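Engineer: Attaching a single structure in structure tokens format; questions to follow.
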Amino acid sequence: MTPGYPLALSLAVSMAVLGSALPAQARQDDPSLFNRQARGELSEYGGARRVEQDLTQALKQSLSKKKAKNVILLIGDGMGDSEITVARNYARGAGGYFKGIDALPLTGQYTHYSLHKDSGLPDYVTDSAASATAWSTGVKSYNGAIGVDIHEQPHRNLLELAKLNGKATGNVSTAELQDATPAALLAHVTARKCYGPEATSKQCPSNALENGGAGSITEQWLKTRPDVVLGGGAATFAETAKAGRYAGKTLRAQAEARGYRIVENLDELKAVRRANQKQPLIGLFAPGNMPVRWLGPTATYHGNLNQPAVSCEANPKRTADIPTLAQMTSKAIELLKDNPNGFFLQVEGASIDKQDHAANPCGQIGETVDLDEAVQKALAFAKADGETLVIVTADHAHSSQIIPPETAAPGLTQLLTTKDGAPLAISYGNSEESSQEHTGTQLRIAAYGPQAANVTGLTDQTDLFFTIRRALNLRD
């Protein structure tokens, strides 16, 4: 299936004709919608093709315009089409596919950009804060903004709306939970690094509690009170509140006083049987960002020419007591589904971006594989449940490119040996600084479940807010 406008038109017609003709739970999805493995030997006639039959009827039957009870939004931070292709080629082979990321039947592309704070003109390369603000609130903002517009005014986000409508809420990330993507659902601050009271006093003084503001990201998170929040960022909880009811207490002590349950390893997470407004759950599994899955050398100048091809290795720091993204996703779903009104859950694979910044292809690939496994968990639940919309996308594109192995590229390069046994050269060349940069290329967005057709064709990142709000029938 090729994403694009003709498909969007045909889907609109199909929606009008079929609507929700079949109850979602009774529908048997055609397996050919999800299996995109190459059908034979790549060297044979038709061997590389991924589709063997006409899928028109299968696509029609997959459509539903009914409201969703639940939404699971999965974000690959920095996961542009190039990052997906790099990871697929290495981990699954040229004819392989990701059973999560590549298996959602309805696909589109969306534009993403931020705005200059002073002029309101487009800034064509967004950061993660402005992008998360865009899909969580429906408002474009400046780079660094968390839940506020270019005038620094807060806007209600999807998690707040879901709570207002009686739904359970969850937020999962492999980053510090105060990082931009998860933070946009937890707080409203004028600068993205205002994790705790110390940084907020210096960087976001108007938000600081001692100045009459709503507080740091972590302090606002504790007030927002999502049912389940899992990831890294434990270090910030050692900071002390400067004002308010909990002045002089650490943020961890405040969380405990507010009735939160805090877990710190996989066994403790597995032991949790319920999480709700009476006792919300916080999982803090690392002081900062959680350890990545795979390690390998960072790219170097002419690394593809001067260094041998390598294979990625498991990260020994990601020990068995640290939950994976898939395990956190499964547990969040298990806990949130108990709410009879449904739930909204955001899941982020955060370090695709962070490893791209570091020009580390193995790190980037492992995090994409991790996200795919989380998507598989979400899809499995949605297929069994029949009332869940699953959406997979990214916040911005990034810097990795696949180049011919023998190319003398001007940037940083690394040669890998793929599952096929073939050389794969990855290049990072958009910055002479220590960190590679985001790019402004439009992004893939794909979906499965009720109202999934609304992601097809060309949309904008802010459309995602309205797509989810409409699907869940969220009201102010």
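From the backbone N, Cα and C atoms, a Cβ is placed for every residue, glycine too.
Since this is a predicted model, take the numbers as computed values, not measurements.
Annotated active site, phosphoserine intermediate per Swiss-Prot: Ser128, in sequence order. The Zn(2+) 2 binding site feature in Swiss-Prot is assigned to Asp77, Asp395, His396; the stated evidence is similarity to another entry. If you look up Swiss-Prot, you'll see Asp77, Asp179, Thr181, Gln346 marked as Mg(2+) binding site. Taken from Swiss-Prot, the feature Zn(2+) 1 binding site applies to Asp353, His357, His438. Under the heading signal peptide, Swiss-Prot lists 1-26, citing experimental evidence as support.
Mind mapping these onto the model and telling me what they sit next to?
Structural biologist: Mapped onto three states, the DSSP output places Ser128 (active site, phosphoserine intermediate) in helix. Applying an 8 A CB threshold to same-chain residues 6+ apart, the list for Ser128 (active site, phosphoserine intermediate) reads Asp77, Asp179, Ala180, Thr181, Arg192, Asp353, Asp395, His396.
Under the three-state DSSP scheme, Asp77 (Zn(2+) 2 binding site) falls in the coil class.
DSSP assigns Asp353 (Zn(2+) 1 binding site) to a helical segment in the three-state reduction.
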Engineer: Which residues, same chain and not among Asp77, Asp395, His396, have a CB within 8 angstroms of the centroid of the CB atoms at the recorded Zn(2+) 2 site?
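Structural biologist: Here the non-site neighbours turn out to be Ile75, Gly76, Gly78, Met79, Thr126, Ser128, Ser131, Ala132, Thr181, Asp353, Ala394, His398, His438.
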Engineer: Where His438 (Zn(2+) 1 binding site) and Gln346 (Mg(2+) binding site) are concerned, what is their Cα separation in Å, rounded?
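Structural biologist: So the alpha carbons of His438 (Zn(2+) 1 binding site) and Gln346 (Mg(2+) binding site) sit roughly 22 Å from each other.
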Engineer: Can you name every residue in this chain, apart from Asp353, His357, His438, with its Cβ inside 8 Å of the center of the Cβ atoms of the recorded Zn(2+) 1 site?
Structural biologist: Asp77, Gly78, Ser128, Lys354, Asp356, His396, His398, Ser399, Ser435, Gln436, Glu437
Engineer: Between His357 (Zn(2+) 1 binding site) and Gln346 (Mg(2+) binding site), what is the CA-CA distance rounded to a whole number of Å?
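Structural biologist: If we compare the Cα positions of His357 (Zn(2+) 1 binding site) and Gln346 (Mg(2+) binding site), the gap is 23 Å.
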Engineer: Does DSSP put His396 (Zn(2+) 2 binding site) in a helix, in a strand, or in coil?
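Structural biologist: Its secondary structure by DSSP: coil.
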